[in-house]
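According to TrEMBL, the protein carries these features:
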{"type": "DOMAIN", "residues": "1-357", "note": "domain 'Aminoacyl-transfer RNA synthetases class-II family profile'"}
{"type": "BINDING", "residues": "ASP71, LEU72, THR73, ARG98, GLN114, ASP118, ARG267, TYR271, TYR272", "note": "L-histidine binding site"}
Amino acid sequence: QGTRDHPPAHTALRDRLLAAVVACFKRHGAVAIDTPVLELRETLMGKYGEEVKLIYELQDQGGELLALRYDLTVPFARYLAMNKITNMKRYHIAKVYRRDNPATTRGRYREFYQCDFDIAGQFDPMIPDAECLKILHEILSDLQLGDFLIKVNDRRILNGIFAVCGIPESKFITTCCTVDKLDKVPWEEVRSEMVGEKGLSPEAADHIGEYVQLHGGLELIERLLQDPKLSQNKLAKEGLGDMKLLFEYLTLFGITGEISFDLSLARGLDYYTGVIFEAVLLQQENDHVEEPVSVGSVAGGGRYDGLVGMFDPKGRKVPCVGVSIGIERIFSILEQRMKASGEKVRTTETEVLVATPHKHLLAARLKLISELWGAGIKAEMLYKKDPKLLKQLQYCEDTGIPLAAIVGEQELTDGVVKLRDVATRVEVRMPFLYLLPKVLPKCRGC
């Protein structure tokens, strides 16, 4: 449950998505790494807040307590510490595992891909953070998913709010996890959980509610910097100062139209220490709705300056910030759209089908296709000695192969190949030596 097989059409669509994401990561100078799917259980524990219950733990295997990786961030931090790396810009695309309640129609599985981009190292404030948001904006724009919104907050601002509202520090993380539910349930339910389950006073919960329901941009940041209580809290003041700087950089990138400073964003993972962000896709339910409604989170990330130090024997810290793209969620959305439109996904990259119109020409087909493969051209042929030409051309139409290289008895006599455009049915005869280096490479992608 919560896993699935991917038929060729699904795999082709997913590969197309991943190629677009990887192209963006490479454009920003990232290198690729890979880590084992198995981690020591102790590596993962204590990093994910209340979500720790979703980790797949394995029984004792030869003296080691192991678990399946829950995300790609903690393994990256462990990798940096083990290899004493203090500066790296990396991407990692791999499967992760969560013992969650699956919701396949919404792209939530127990086994799924994550696409992570992270910048590790000591740099001037907010420059790497701004680039991570720029990357997220580029990917969501490139994939043409429709309108989206990137919510941004800072864990220091949240902790400062909890402090001025009288919440003890021991309850910061658990309160954070409750606030993080505001994108799914109304404030009344969140307040009820704070008071009924987390033991906060009604007054403290109401006070928190005055802040966490705010969202805006630079104007809101300026207003909060003047807030009599928050301005006296060191953590909140630091967070708001960095948030102001971040928005100045995002303005220079020209992407603030899709970014909102949202105080309800909490992201319940323990390891975040600064800026946090999450991207949601938006849709208009009808023409009369002014406010677009969210159709689900498709990416998230943030700053985690203390995580690497947890794995270093001497506790040496490496500041890090990163973003994770939820490719399965995006895939589910595109899959539904394609199903609704009836669009077909081409599952192969074959450029030409080698065909013959007459019997007893298998040798000619084998010789020609071997030459094509040797030249690096993606080619196919039917696995029958004497297939009918109509069947061969029908195969081209069914699979989207754009060209057919036809060799008949007359072509063999004349030393030529008949090249047929499957879509237009236009045919041209040309010498094979001319066909191979000049014509087929130009036709790639047609």
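Each position is counted from 1, following the chain as shown.
Glycine is no exception: its Cβ is also placed from the backbone N, Cα and C atoms.
These figures come from a predicted structure and were not determined experimentally.
Under a cutoff of 8 A between CB atoms, and with a sequence separation of 6+ in the same chain, the neighbours of ASP71 (L-histidine binding site) are TYR48, VAL96, GLN114, ASP116, SER324. Across the annotated binding residues for L-histidine (ASP71, LEU72, THR73, ARG98, GLN114, ASP118, ARG267, TYR271, TYR272), the two most widely spaced Cα atoms sit 21 Å apart. Within 10 Å of its Cβ, the residue among the binding-site residues THR73, GLN114 with the fewest other Cβ atoms is GLN114. Around TYR272 (L-histidine binding site), a 10 Å sphere centred on its CB holds 27 further CB atoms from the protein chains shown. Long-range C-beta contacts of ARG267 (L-histidine binding site), restricted to its own chain and to partners at least six residues apart, with a cutoff below 8 Å, comprise ARG155, CYS176, ASP180, ILE276, GLU278, GLY300, GLY302.
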